Ligand SMILES: Cc1cc2nc3c(=O)[nH]c(=O)nc-3n(C[C@H](O)[C@H](O)[C@H](O)COP(=O)(O)OP(=O)(O)OC[C@H]3O[C@@H](n4cnc5c(N)ncnc54)[C@H](O)[C@@H]3O)c2cc1C
Ligand SMILES: NC(=O)c1ccc[n+]([C@@H]2O[C@H](COP(=O)([O-])OP(=O)(O)OC[C@H]3O[C@@H](n4cnc5c(N)ncnc54)[C@H](O)[C@@H]3O)[C@@H](O)[C@H]2O)c1
């Protein structure tokens, strides 16, 4: 049993915790990074990377299935589920190994393999019997999949994002419960890998989409590969050969599935931390109140970063919040506020779904563009989806976007720059748009916005699509 003394103790060695420790050390602190597993982050082990590896396999299966369109005959396509999952795990393990190797490069004595809980605002008890005394503490404990009661009792046929990447072979059929980011990405990937998929959500939308045209486009694409049931409550029951799912609400039915993926959200990992001892003020869900510009919990020497604060549970936000928390833990009690970037979420469906910036308000101007007749999208046989751009009424300065369109994951970065630099639709239209690109498809929406503001379509620019495509 040892008593460790440091300037900044970081609980959790995921993306946020690693960034917090690194930045606290960069600012001169003696640090400790505490984690029971040092698995190499959720992102690399069971999150971003394995899900994108599955999606990459699905994209290749889909491209092979579509190749006839281009006159390329591939013959019968065989999907070797075991090989798909094996490659996924092999590549995933390289990502986790890369992250884990960074722990070995930390200064000696920085890492402690244990689970921590608070005994006072700046003291921690570890489950190996050690204690930690710090000047400030960063909580970076992440989140875990929620499994509602009826599913929890049903054993191994019920999967979450923590277990689905471990399956030996692709199932014949899969019910996906929850059409949020995880459900959408994995449902479409599995369906395109030949799994019979049904997607269920109790909401009447998917992926938090508010715009009806975007939702319609999303449903149009998804339902080519799977059944989608919105506005339903599902009840699972163990049955011979898998799990029987009954649903009722906007539609009613029942079906047997070999496996069920539960993807209904990821609550923060806070319950084992004994936050009462930390003395931080909690909201009505038991989550610490904190300032998102400093990551500080009230006036306490405690900072919270990453999924565990449930603010923006995304990789880039976890890394940013960790860096802010680490710097301010060193600066305590003189926290320095940081400017946070506009909200930015990409769901890696095909085409990608993007929600960017502010949601529209009463006076927001909107511009619309469809990709069903867009030149480059048609060339590539992926003419689906649409985009909606949002702007301020006075000058048409861009404020946000909702997009479900080919290339939206890349175009969103251009729009993010425009939003952050307060660029107007008119100014964007002064920019050259190379032909034929997917970016050209933004212009009808930009022109809509110009048309509704005193800032016109630039007089020396063509007001229509380029002749020839
Ligand atoms: C399937 C899936 C796909 C995703 N895809 C994307 C994507 O494409 N893009 C994107 O931006 N985001 C994606 N995300 C979200 C992203 O992975 C998370 O936002 C990010 O990993 C959160 O990092 P974190 O540091 O908060 O948590 P984590 O990386 O989970 O780290 C938390 C750490 O805290 C430790 N811990 C917990 N309790 C204690 C305790 N009491 N004491 C000590 N240590 C503790 C845990 O062991 C863990 O190591 C995805 C998530 C999932 C599940
Ligand atoms: N590409 C990415 O950036 C990416 C990918 C995967 C995950 N993530 C992160 O992981 C987080 C968690 O993802 P998630 O998909 O688990 O959660 P989510 O909050 O995105 O979606 C949960 C969905 O489940 C539905 N739901 C809730 N309870 C239900 C029930 N009992 N029956 C049916 N439907 C139900 C909700 O209506 C919602 O649509 C996301 O918020 C996101 O931040 C990001």
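Glycine too: its Cβ is placed from the backbone N, Cα and C atoms.
TrEMBL labels come from automatic prediction, so no person has curated them.
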Listed in TrEMBL for the FAD site shared with 52, 141, 142, 143, one of 291, 307, 311: 307
Site-mate of 178, 179, 180, 181, 182, 183, 184, 185 for NAD(+) in TrEMBL, selected among 109, 253, 265: 265
Listed range which TrEMBL flags as region 'Disordered', given the options 430-449, 450-469: 450-469
Binding-site residues (180, 265), the one with most neighbouring Cβ atoms at 10 Å: 180
10 Å Cα neighbourhood of residue 143 (FAD binding site): matching recorded positions from 43, 178, 180, 182, 184, 435: none
Those binding-site residues in 178, 180, 184, 265, 307 whose CB falls under 6 A of ligand 1, listed in sequence order: 307
Lowest local Cβ density among 141, 143, which the record lists as binding-site residues, within 10 Å: 143
Same-chain residues at least 6 beyond the ends of the compositional bias 'Basic and acidic residues' (459-469) whose Cβ lies under 8 Å from its Cβ atoms: 375, 429-430, 435-436, 440, 443-444, 447
Distance-selected binding-site residues near ligand 2 (C-beta under 6 Å), from 141, 143, 178, 180, 182, 265: 178, 180, 182, 265
